[in-house]
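Chemist: One structure, as structure tokens, below. Some questions next.
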Amino acid sequence: MAVPPSTYPRCLLPLFLGLFQAALLLFFALFVTYDEPSAQKDTSLVANQVYSTFPFFQDIQVMLVVGLGLLLTFLPHYGFSSLTHNFLLLNFSMQWALVLQGLLHHFHHGQIHLDLHKLLISEFAAVTVLISVGAILGRASPCQLLVMATCEIPIYLASEWVIVTCLGVLDVGGTITIHIFSCYFGLGVSKALFRATQQPLHPKETPTPSSDLMSLVGTLILWVFWPSFVAVLCQAGDAQHRAILNTLLAMSASAITTVVASSLLDRDGKLRPGHLQNGSLAGGVAIGVVADMAVPPVAALALGSLSAAVCVLGFRFLTPLLGRKLTLHDQCGIHNLHGLPGILGAAASVVAVLVASKDTSGSQTSQLSPVGGNASEMVEGQWGARGAGGQALCQAAGLAVAVGASLLAGLLTGAALRLPCLARPPERLCFDDSLYFKIQDQAESPGPDSSAEEGALALKEQV
């Protein structure tokens, strides 16, 4: 099977990453430093801040590197690629976000002072990329994914600044700014990249029991550590405690409701692994926007149950419908896990703001903005000035901005990813690790499908 030499330029990926890392080294050498020790600082206070934040930071690292990586291994022949590309994109996007955020918000007197909080916020930006690529997983080359990350990070930062700082939206868990934005950005990329062509079911696209089991392990890891993701940006004390409790309640309810909904939708009452892998996490997506608000425990349970039901119903009915009517390709079902529960959570925040009294809410002062403490004070002042009705309108406006900006930016980015130089893999070699990895077993024991393997090996030689 002949493979065109231009299908996958050999040096494109190492050249892209090598130039990026070299530029980053130069930038750090010139502009980045650590905070200098100061006699005015209370060392015990600094130590307490580090020790209180780093455990949350470690939990989030486990979520993103291990949990999310394993969640994407449901494609049986694409496990190496899913794990490695997820790990690569996390590091690339984190470094890129660190540079951009430093220039935009922390560049003072020619220096950017690095600390753990800034690193944490850059990882939150990287999460948007890791979610978005789920829409095109297996059908895009690593270079396409890196270009997508390069475009998405600055657009996310601009969108988040408008939503949090300008509109004063309350969203401590990133339901609107992260989950909704990344979902519709990924769907926009998918729509523009594949245009109006219906993507047929690929022979290697169907999960196997072992791949589904690995993916379910990833779900369990994400489920365990998700409260840290939601609560890390809350103020220590009551707000953080409340966020952890609300998240645990919502995710517990979503796990049980997923089993109920999946069983009821099956003729034989059996469970679908895909429903469990995603629906169990839907409560964590939805609760993020109201996690630190003084909502009653029953509200967290109800929101978790509703989000899981919406997620499962989306997999069962909405995804096939969007595929037929809009020819929309969503490989990982990010619309069902991040988009629909995110919209439900945003709607819940509007209701929570309207019904909460000023004495019991306390949510005005419970959140730390990802762009800095001044924005948190601005949010507090804005809600006090505009009232609950005005804040509810701002919550709705933030949702509209997240959806609109991400869709438009995703469509433009997807169009750019169609450039031939980015080496989109041919359809026959999608969802296959052998395109990007030298797998020893296949190299030593060629089987009856040697023609297909020879094609993949020939294509690898071009890499």
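We count from 1, first residue shown onward.
Cβ coordinates are placed from backbone N, Cα and C, and glycine is handled just like the others.
What TrEMBL says about a protein is an automatic prediction, not a curated fact.
For reference, TrEMBL lists these features for the protein:
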DOMAIN    26-419  domain 'Ammonium transporter AmtB-like'
REGION    442-463  region 'Disordered'
TRANSMEM  12-34  transmembrane segment
TRANSMEM  54-75  transmembrane segment
TRANSMEM  87-107  transmembrane segment
TRANSMEM  119-140  transmembrane segment
TRANSMEM  161-187  transmembrane segment
TRANSMEM  213-233  transmembrane segment
TRANSMEM  245-265  transmembrane segment
TRANSMEM  298-318  transmembrane segment
TRANSMEM  339-357  transmembrane segment
TRANSMEM  396-419  transmembrane segment
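Could you tell me the structural context for the features on the list?
Modeler: Counting only same-chain residues 6+ beyond the ends of the transmembrane segment (54-75), those with a CB under 8 A from a CB of the stretch are 82-83, 86-87, 90, 116, 119-120, 123, 126-127, 130, 134, 137-138, 204-205, 207, 211-212, 214-215, 217-219, 221-222, 225-226, 228-229, 231-232, 273-274, 277, 332, 431.
Listed as Cβ neighbours of the transmembrane segment (245-265) (distance under 8 Å, sequence separation of 6 or more from its ends, same chain) are residues 173, 223, 226-227, 230-231, 271-272, 275-276, 279-284, 286-288, 290-292, 295, 297, 300-305, 307-309, 311-313, 316.
Among residues of the same chain six or more beyond the transmembrane segment (298-318), those with a C-beta under 8 A of the stretch's C-beta atoms are 245-247, 249-258, 261-262, 265, 272, 274-275, 278-280, 282-283, 285-287, 290, 333, 335-337, 340-341, 344-345, 348, 352.
Long-range neighbours of the transmembrane segment (396-419) within the same chain, counting only residues 6 or more positions beyond its ends whose Cβ lies under 8 Å from a Cβ of the stretch, are 132, 140, 144, 147-148, 151-152, 155, 158-159, 162-163, 167, 169, 171, 176-177, 180-193, 343, 346, 350.
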Chemist: Quickly jot the same-chain residues contacting the transmembrane segment (12-34) by Cβ under 8 Å, restricted to those at least six beyond its ends, or write none.
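Modeler: That would be 92, 95-96, 99, 102, 107, 110-115, 142-143, 146, 421-423, 463.
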Chemist: Report, as numbers and ranges, which residues of the same chain sit near the transmembrane segment (339-357): CB under 8 Å and 6 or more residues beyond its ends.
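Modeler: For the transmembrane segment (339-357), the sequence-distant neighbours (Cβ-Cβ under 8 Å, at least 6 residues beyond its ends) are 170-171, 175-176, 179-180, 183-184, 187, 282-283, 285-290, 293-295, 299, 303, 306-307, 310-311, 314, 318, 363, 388-389, 391-392, 395-396, 398-399.
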Chemist: Quick test of the contact rule: Cβ under 8 Å, at least six residues beyond the ends. What residues does that give for the transmembrane segment (87-107)?
Modeler: 17, 20, 24, 27, 31-32, 64-65, 69, 113-114, 118-119, 121-123, 125-126, 128-130, 133, 142, 145-146, 149-150, 152-154, 157, 161, 371-372
Chemist: Could you tell me the mean pLDDT over the domain 'Ammonium transporter AmtB-like' (26-419), as a whole number?
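Modeler: Looking only at the domain 'Ammonium transporter AmtB-like' (26-419), pLDDT averages out to 89.
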